[in-house]
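What follows is one structure encoded as structure tokens, with my remarks underneath.
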Amino acid sequence: MMTSCRNIDLGTMMMACGCGRRQFPSLAKTVCKFTSSNRSYGGLVGSCKAVPTKSKEISLLNGIGQSQTVSFDLKQESKQPISLVTLFELVAVDLQTLNDNLLSIVGAENPVLISAAEQIFGAGGKRMRPGLVFLVSHATAELAGLKELTTEHRRLAEIIEMIHTASLIHDDVLDESDMRRGKETVHELFGTRVAVLAGDFMFAQASWYLANLENLEVIKLISQVIKDFASGEIKQASSLFDCDTKLDEYLLKSFYKTASLVAASTKGAAIFSRVEPDVTEQMYEFGKNLGLSFQIVDDILDFTQSTEQLGKPAGSDLAKGNLTAPVIFALEREPRLREIIESEFCEAGSLEEAIEAVTKGGGIKRAQELAREKADDAIKNLQCLPRSGFRSALEDMVLYNLERID
């Protein structure tokens, strides 16, 4: 894989294309090339060539003129593990305001609905989706010359978290989950009927606030996400224990269930910054690739982490017949795995045998490569943004996800 970038303004700070060096404070143009054998951003090896501002780009392309070259291996750099606390430091105030507003925004008059909302919001959560909205909002606002975030940026983050929360309530009902983030789920506390109504109410309330943004492009974008949620659930339900499920079908289902909301979040943030359409599209692709990478990593962890780490039994997706990337890859090399799955684990110990076959058949390794491939694509999508702390935080979000399987 080769990524090339030309004619990048350096100023006095950092270079683009993932090169955060300060070696060239008086130079203004670079050609950066990165190569990778394993397609992982963390494994990129590259070099940057910088020339004085007065040199013309054509001389760079032809290798003419005075220049100096610095080679570096990003894989060799020592870097502390990325935590969510440090990841969202730049938008901590924005996220605190969002947390303070969430319950009042739900605004339910029915005490049961209020209790349900308090249960799900009070359970905490990483607030990753609104965090992404704020990071992209700040990064693109800089590009558009905005001094601060708009009311629309902030309302979008709140709407996204409400939609995500509503989807979790419904997911817990469908999956019959009794715990969420260490707390009892809404349907476990209040019953299935109240949980379904609470999720419906939150979707409706989010839609009302969405309509009040009065931006048709964003309204269509977010409305499509709600449709995608349903499409993803139907796709999953109709393909349980189906060993002929293709990787493309898995990725489409993962887009519907996970990446669609992330992509809409990042694109919506860019739209409200009023940047050029090509930038908003790159932000959509960034969200899509990041969302897919996250889902693939989650599906890997279902096999590699313990029940205590997962908060649910290991291999629980497989046990329900939900075939994810590691299983799809392993099925190509392990005929016995097909037999076990199609029997729906009717024999004692068959689930444990299937989990072992997934690892033995190279399913975990190939799924890791796929997650890194999507991560690489996400990093490339960010190259349209000016180098800033906010862009660096978005890059770190990609790396944070990959660190979960390193």
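Each residue, glycine too, has its Cβ placed from N, Cα and C.
Secondary structure at ARG129 (isopentenyl diphosphate binding site), taken from DSSP and collapsed to helix, strand or coil, is helix. Under the heading isopentenyl diphosphate binding site, Swiss-Prot lists LYS126, ARG129, HIS164, ARG181, citing similarity to another entry as support.
As annotated by Swiss-Prot, Mg(2+) 2 binding site applies to ASP171, ASP175. In the three-state DSSP reading, ASP175 (Mg(2+) 2 binding site) counts as helix. Every protein chain shown contributes to the tally, and the Cβ of ASP175 (Mg(2+) 2 binding site) ends up with 14 other Cβ atoms within 10 Å.
As annotated by Swiss-Prot, Mg(2+) 1 binding site applies to ASP171, ASP175, with the evidence given as similarity to another entry.
Residues annotated as all-trans-polyprenyl diphosphate binding site in Swiss-Prot: ARG180, LYS257, THR258, GLN295, LYS312. Around the Cβ of LYS257 (all-trans-polyprenyl diphosphate binding site), the same chain contributes ASP228, PHE229, GLY232, GLU233, GLN236, GLN295, each under 8 angstroms and 6 or more positions distant in sequence.
Per Swiss-Prot, transit peptide is recorded for 1-71.
ARG129 (isopentenyl diphosphate binding site) sits 22 Å from ASP175 (Mg(2+) 2 binding site), taking the CA atoms of both as reference points. Cα of THR258 (all-trans-polyprenyl diphosphate binding site) to Cα of ASP175 (Mg(2+) 2 binding site): a span of 16 Å.
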